[in-house]
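Worksheet for the structure shown next.
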Amino acid sequence: MFTITLNMAEEIPRTNAEIKSDDAFYSDAKDYWANVTPTIDGMLGGFAKISPTDINGSKIFLRPFLKITGGTVIAKHALDCGAGIGRVTKRLLLPIFETVDMVEQDKHFCDNARDFIGQDSKRVENIFCMGLQDFTPKEEKYNLIWTQWVLGHLEDNHLISFFQRCKKGLAEGGVIIVKENVLEVGKKMFDECDSSYTRTREELKSCITKAGLTILAEQKQKDFPKDLYPVYFFFLFFFLMQLYDE
């Protein structure tokens, strides 16, 4: 599941009192995605043309953190959060990692994922069909947890809890990478259409730090259309002093 947010006026800031109940917030998002076609264009809200640029930018950002290029990330087990039909799994993660698990709440995306991925789907060990607010990764399993264009579908408290659970899911030397639309100023915006937020960069970073994670790198995605909100990468680490005492 992916949400690309256009920089358009119909998104308006809302106070907490104006936001729907948690149940409605999540059920409205679920209803929206249930009516989206299981294609790349569907996943990207009609912006299929940006997929190659997106994947290439992600490869460039990830590469320095891999063990083979001097980083800490062993290319063994990855987790794709909000995976949709597996666009990121197929194009970014499976070419690098031995196995990938996927988390996606929409059943018809999950049902179509292996066909979309093709022959390499045999290296997709698990497809967890649930929302991130309900997902708990297996402890100490993943060398990389990748989340992209999905965290706007979590309320702040659930986002913080999700990050905290992800910390426990990291193997030694493992990291979390977040790739999200952000606002540079103001306060988070609520999109009635797909029931999601676009947070400011500082609001997203605040949720990250409240979860006990450290941001070691931050970078803007290049060459996206100007009518999209800025998209940033955040490289997150559960800071263990012993890793830096050697």
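The backbone N, Cα and C atoms fix where each Cβ goes, glycine too.
Annotations in TrEMBL come from automatic prediction, not curation.
Note that the structure is a prediction, hence the values are computed from the model and not measured.
Around LEU132 (S-adenosyl-L-methionine binding site), the same-chain residues six or more apart in sequence whose CB sits under 8 Å from its CB are CYS81, GLY82, VAL103, GLN105, THR147, VAL150, LEU151, HIS153, LEU154, HIS158, PHE162, listed in sequence order. If you look up TrEMBL, you'll see GLY82, ARG87, LEU132, GLN133, GLN148 marked as S-adenosyl-L-methionine binding site.
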Give the residue from the binding-site residues GLN133, GLN148 that has the most other Cβ atoms within 10 Å of its Cβ, counting over every protein chain displayed.
GLN148
Please give me the CB contact count at 10 A for GLY82 (S-adenosyl-L-methionine binding site), counting all chains in the structure.
27
